[in-house]
Amino acid sequence: MGTGAGAMGQCGITSSKTVLVFLNLIFWAAAGILCYVGAYVFITYDDYDHFFEDVYTLIPAVVIIAVGTLLFIIGLIGCCATIRESRCGLATFVIILLLVFITEVVVVVLGYIYRAKVEDEVDHSIKKVYDAYSGTNPDAATRAIDYVQRQLHCCGIHNYSDWENTTWFKETKNNSVPLSCCKAISTNCTGSLTHPIDLYSEGCKALVVKKLQEIMMYVIWAALAFAAIQLLGMLCACVVLCRRNRDPAYELLITGGTYA
């Protein structure tokens, strides 16, 4: 009976070690993915920063990149500690994983907080950006609006008629909107309001809010997914560590060239 229980325990611990080694390989892949997500948020934010002035929105992205870098180091420590079954290494591995896990929970909370603020921020800034439109390419507000209207296939704040209230529209006096309002399929579009069928009918405000909220959701889902993987990693490391403390005589994962 004791032999059977011992065999089952050894089988369980070997399985935990195998899963832990596999998870450490996943951590390396996760490190790359998290850094990519963080960089994507930075790049996209740069395109929409005129509509969302709160720079603290980038905090979750900064933390995600830092966590991604740390995960690469964690994977290395975890693999070495698991194969060598270093008690100190495994304990360090668990503590670092716990700290990163807590950090990712904070990222999720911050992500939801800033996601909720997006609509108010865009509401506050979008009219100022449209009022600053000059129609000249070097101008930052002009580039931002033209980029958003082309990328999101929108025109104006709520629709193309919003352009009639802008300084640029009143100064040009040609009863037209920027060419970035023209549909891609309208080859002869001049932006004239006398041919509204050539213009995007949807306003940009709702689409900008949707885009920024989607970006924040990428951060939230990435943090949640890898927090779950880290939780499994901590559990497996704890199983190996507890077994090691109770029975120091059990076989190592690799002993004399043979797998336990």
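Using the three backbone atoms N, Cα and C, a Cβ is placed for every residue, glycine included.
In TrEMBL, annotation is done automatically, which means it is predicted and not curated.
Residues or ranges marked as transmembrane segment by TrEMBL: 21-43 (among others). Sequence-distant contacts of the transmembrane segment (21-43) (same chain, six or more residues past either end, CB-CB distance under 8 Å): 58, 60-62, 64-65, 67-72, 74-76, 78-79, 82-83, 215-216, 218-219, 222, 226, 229-230, 232-233, 236, 253.
Away from its own ends, the transmembrane segment (55-78) comes close to residues 20-21, 23-25, 27-28, 30-35, 37-39, 41-42, 45, 89, 92-93, 96-97, 100, 103-104, 106-107, 110-111, 114, 117, 216, 219-220, 222-223, 226, 233, 237 of its chain (Cβ-Cβ under 8 Å, at least six residues beyond either end). Positions annotated as transmembrane segment by TrEMBL: 55-78 (among others).
Taken from TrEMBL, the feature transmembrane segment covers 90-114 (among others).
Feature annotation from TrEMBL assigns transmembrane segment to 215-242 (among others). Residues 12-13, 16-17, 19-20, 23-24, 26-27, 30, 33-34, 37-38, 40-41, 44-45, 57, 60-61, 64, 67, 71, 78, 81-82, 85, 87, 90-91, 93-94, 97-98, 100-101, 104-105, 107-108, 111-112, 114-115, 118 of the same chain sit 6 or more residues outside the transmembrane segment (215-242) yet have a Cβ under 8 Å from a Cβ within it.
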